[in-house]
Amino acid sequence: MGNGLWFVGVIILGAAWGQVHDWTEQTDPWFLDGLGMDRMYWRDTNTGRLWLPNTPDPQKPPRGFLAPPDELNLTTASLPLLRWYEERFCFVLVTTAEFPRDPGQLLYIPKTYLLGRPPNASLPAPTTVEPTAQPPPAVAPLKGLLHNPTASVLLRSRAWVTFSAVPDPEALTFPRGDNVATASHPSGPRDTPPPRPPVGARRHPTTELDITHLHNASTTWLATRGLLRSPGRYVYFSPSASTWPVGIWTTGELVLGCDAALVRARYGREFMGLVISMHDSPPAEVMVVPAGQTLDRVGDPADENPPGALPGPPGGPRYRVFVLGSLTRADNGSALDALRRVGGYPEEGTNYAQFLSRAYAEFFSGDAGAEQGPRPPLFWRLTGLLATSGFAFVNAAHANGAVCLSDLLGFLAHSRALAGLAARGAAGCAADSVFFNVSVLDPTARLQLEARLQHLVAEILEREQSLALHALGYQLAFVLDSPSAYDAVAPSAAHLIDALYAEFLGGRVLTTPVVHRALFYASAVLRQPFLAGVPSAVQRERARRSLLIASALCTSDVAAATNADLRTALARADHQKTLFWLPDHFSPCAASLRFDLDESVFILDALAQATRSETPVEVLAQQTHGLASTLTRWAHYNALIRAFVPEASHRCGGQSANVEPRILVPITHNASYVVTHSPLPRGIGYKLTGVDVRRPLFLTYLTATCEGSTRDIESKRLVRTQNQRDLGLVGAVFMRYTPAGEVMSVLLVDTDNTQQQIAAGPTEGAPSVFSSDVPSTALLLFPNGTVIHLLAFDTQPVAAIAPGFLAASALGVVMITAALAGILKVLRTSVPFFWRRE
């Protein structure tokens, strides 16, 4: 009966909503697919074989109250004529999934029932005065026969029939938050409104955009009309079936999904319907409507009392938010708190940038590294902020009639970046299963914009030399998210990373925001092909090299400095005037193959570089560990390793070694070194000497073969040469580790200049990335699997002697000397014959 009930609900809801003149009639696709099926089903009559619905017998209540009116005189003879319409009634066909084998029931419902009037009330006489045109409502619940005492049971949804979507409404009825809108601050006390176009500012068509507009993106305005989707009628169905369908003016949609989660946000004029579902948690739903609107809950058919409104906080000056979910007060308190926070986001501001900034900060929050695996509360908060940013962006763009080019590109880029972080870092999604789509642009305008941006990307790479513009070109390719865009910028991105690495080896500190931003988008476009399927040989080679160089750029000093920079930036950001944009603080460690950044030695290094503050040491240590763990989770993609470093995940005998890699070094196109804390059963294995036995280090050279062997590391000194010649070091990797088991650096020897620098050995007083003051051991890893110990680059511990100890030692020497002199004098006096001459 359930499918039939839905059939009834759709028909009646369509009839009720049909009173709004802006509704667009559409043909039921089932009807088109079912043409000709009437020949398969029939009923025997005196005149032939026809399909005819059943009709209630008016003499048999209660169904008889829904019988056809007498004036229609419907019989088996008149039913085939399809003269079923009667002005005072709505007819409804109730059937099941077996239709038309199941002929169904043809019911008639007086329109007075739909109007909520007594059955004996008469309709008002038609007026001759044309009604005043009223603007259609932004949000209109479609309640159907909710208030009809006879037929409402027929329209109950599957909620309360097979499950209860909101088992504990009181748990989801909570007071308004501290930062939500008030009468004096209708957009929230911490809201920083988005910029408005100046009076008379020109609206540029997307087809005329050029590099000059990119230079001045913050003052380039695009007209909303024709660029964004025009609002259109749409019926929003709550997936939880907890409330009746809602008629809205839709403006777009945001969808994020993967193998472990799905998020869908439907945007409308003064409306947002957000659904968050995960494999590891019950689904949650948030609905935002105008302040004066109420969404009624679908109640239990057996309950005589009318159902109340959906749960949620009290309404505000602009919106009312309803929160749905199966969480109860006995469930996880953090999950319930996260859902309540998500319910407050829509009333906390109107600027999309504030929500994206908060989402980035949420990703690096103190508990980000507290546990492994999916974390529903964090995922709900991240996706809630992400969806609300889209809600704010669309509303502001339609309200202003224009959108700034920098805001358009920024929203599309940062929302895509955050979607990946939320999916991989909070939901536990496989990296190659993540998909993301923001459908807020008009389809035709989107194609025009993408074509223009593709042209601008090619023009930037061909004519411009500025690092900032090249970073913008990679950002545009990231926004376009198309194979052609990625292929167009990949050679330039690979060259940029090589150039930055050369500057790093020369002693330059890569800490400016534009460098971070360029590294972020360059790394993203080089890693992207593995998401679209099996990468080509060229794509794999570029990605392997970018991963190797990112690992080389991530020395222990860089990792500690990154942690300190992130802590400082997060503490400084107020998400109002000072925003936190993650690409501006991007670290190569997050794009590397180093998965050891959350180990204790790195945490101590980061704490040692922390500046003085009033933050308690325990809190600072927790924040530091959280940031380090987040960097590791951000970088560690199992799918990425399978795509670009397949030898590290190669299976032998049907099983792969259950060893967690700490560092991967893809040294050739088909071989890698891997650092672990336990030996591997295959490859060429080396045990690193001089390391704490509690945290041993093993270095293994891996290929696609399954043979295993062990070797000893040979100690050597490189021969210094007077002339420039190839020493055979290009392609090798310089690795330094400490007795505590910390790998300080894995530096690629990529040029002849670099190999000459190593051959010259460390120079006292000349700082170099190959030298260190920390007691450590230096190795050289060759592409053929050979490893040698570079004695010249070892740093030995120097004994520290206090000045007091030196003074005491000198005094002791003087006293001992005086004592010996006295003894000799006594001996000479007492034994004179020792000195007699013969």
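Just so you know, glycine gets a Cβ as well, placed from its N, Cα and C.
Given the structure is predicted, the values throughout are model-derived calculations rather than measurements.
Here Swiss-Prot flags Asn73 (among others) as N-linked glycosylation site, drawing on sequence analysis. Asn73 (N-linked glycosylation site): 10 other CB atoms within 10 A of its CB, across all protein chains.
Annotation source Swiss-Prot lists N-linked glycosylation site at Asn120 (among others).
In sequence order, the list of same-chain residues 6 or more apart from Asn216 (N-linked glycosylation site) whose Cβ falls under 8 Å from its Cβ is empty. Residues or ranges marked as N-linked glycosylation site by Swiss-Prot on the basis of sequence analysis: Asn216 (among others).
For Asn332 (N-linked glycosylation site), other Cβ atoms within 10 Å of its Cβ number 12. Annotation note: Asn332 (N-linked glycosylation site) sits in a coil segment as assigned by DSSP. Per Swiss-Prot, N-linked glycosylation site is recorded for Asn332 (among others).
Annotation comment: Swiss-Prot describes Asn437 (among others) as N-linked glycosylation site, evidence class sequence analysis. In the three-state DSSP scheme, Asn437 (N-linked glycosylation site) is classed as strand.
Mapped onto three states, the DSSP output places Asn670 (N-linked glycosylation site) in coil. Swiss-Prot lists Asn670 (among others) with the feature N-linked glycosylation site, giving sequence analysis as the kind of evidence.
In the three-state DSSP reading, Asn784 (N-linked glycosylation site) counts as coil. Sequence annotations record features per position, and here Swiss-Prot assigns N-linked glycosylation site to Asn784 (among others).
Positions annotated as signal peptide by Swiss-Prot: 1-18.
Look at Swiss-Prot and you will find 825-838 tagged as topological domain 'Intravirion', backed by sequence analysis. Each residue in the topological domain 'Intravirion' (825-838) has a pLDDT score, and their mean in this model is 52.
Per Swiss-Prot, transmembrane segment is recorded for 804-824, and the stated evidence type is sequence analysis.
Neighbour list (Asn670 (N-linked glycosylation site), Cβ cut-off 8 Å, at least 6 residues apart, same chain): Glu647, Thr703, Ala704. Asn332 (N-linked glycosylation site) has Asn437 as its nearest neighbour among the glycosylation sites Asn73, Asn437, Asn784, going by CA to CA distance. For Asn437 (N-linked glycosylation site) paired with Asn784 (N-linked glycosylation site), the C-alpha to C-alpha distance reads 44 Å. If you take the Cα of Asn73 (N-linked glycosylation site) and the Cα of Asn784 (N-linked glycosylation site), they are about 94 angstrom apart, rounded to a whole number.
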